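Straight from TrEMBL, the features:
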TRANSMEM  12-32  transmembrane segment
TRANSMEM  52-68  transmembrane segment
TRANSMEM  75-91  transmembrane segment
TRANSMEM  97-115  transmembrane segment
TRANSMEM  122-144  transmembrane segment
TRANSMEM  156-173  transmembrane segment
TRANSMEM  180-196  transmembrane segment
TRANSMEM  202-221  transmembrane segment
TRANSMEM  228-246  transmembrane segment
Amino acid sequence: MNDIPVKKTSDRSFLIVSISLTTAIFNFIWWLYLNINGNLENLFSQGQQSELSLLYTISLSVSIFIGLNKIISTHWQLIPISVALAVAYYIGNQQNWKIMLLLLLFPVFLILLPLKKLHLISIYGLLDISFMAGFVLPSVLLYLQKGRLTKDFLNSLLLLALTFTFFLAGIFISSKIQKFLISLVSGTALIVICSINDHNLWFFGNIILIVLTWLFLNKLTLRQKYRLPFFSLIMLFSICLAMFQINA
């Protein structure tokens, strides 16, 4: 880590903890969500393909952290992105061109994310990452693990995509008015979708968390380096509550 241009020595310890926490959270969300409707009895049951898929998701989450947290130069993002691209090509070559294309979409987006001329740190980037992290990636992962997709699982992905939109809005959108409106719309939609299922203790806990995030947590003045780990952790709690609600 000594060669990584972190601004302060004290930031190096935070960098290790922060990148590890964020990576673990994103991967926990992606892999745990595959079983939201009992789609999989055993995760990582496909041997080498499962291991490569995990390497792919780890590489993506590290790249997301570097691209959004801005503790270190985004040039370091090329390392995990290169790994993700290589794994995507290898898995896609073993499957078919459609799987390869879907696997390549996310790392290509992450390559473009830091380019200021494209203005992807905005509502457009937020919607893009929500779609890919909340719909495309889980769909491909389940297909690679199970060989098919279920209608119930595909329907449940709207909840996941909206969760990404709601909790990452403060990271992608700087305008207070835009952030307020996006959080209001996505948060309301999230509550409506959650209300379709049983109104149990987990449901009300999630509603409280969503409302508190919208009213208070989104308004916290956090330094850039704290935002992604903080909101990723809150997002994990919300997704766990939603899963507990559905499976109660």
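Placement of Cβ uses the backbone N, Cα and C atoms for every residue, glycine included.
All annotation found in TrEMBL is predicted automatically rather than curated by experts.
The structure displayed is predicted, hence computed values, not measured ones.
Three or more CB pairs closer than 8 A are found between the transmembrane segment (12-32) and the transmembrane segment (228-246), so contact between the two stretches is assigned (pairs 6 or more residues apart).
Segment contact holds for the transmembrane segment (156-173) and the transmembrane segment (228-246), given three or more CB pairs below 8 angstroms at sequence separation of 6 or more. Within its own chain, the transmembrane segment (75-91) has Cβ neighbours under 8 Å at 4, 49, 52-53, 55-56, 58-60, 62-63, 66-67, 99-100, 103-104, 106-107, 110-111, 114, 144, counting only residues six or more beyond its boundaries.
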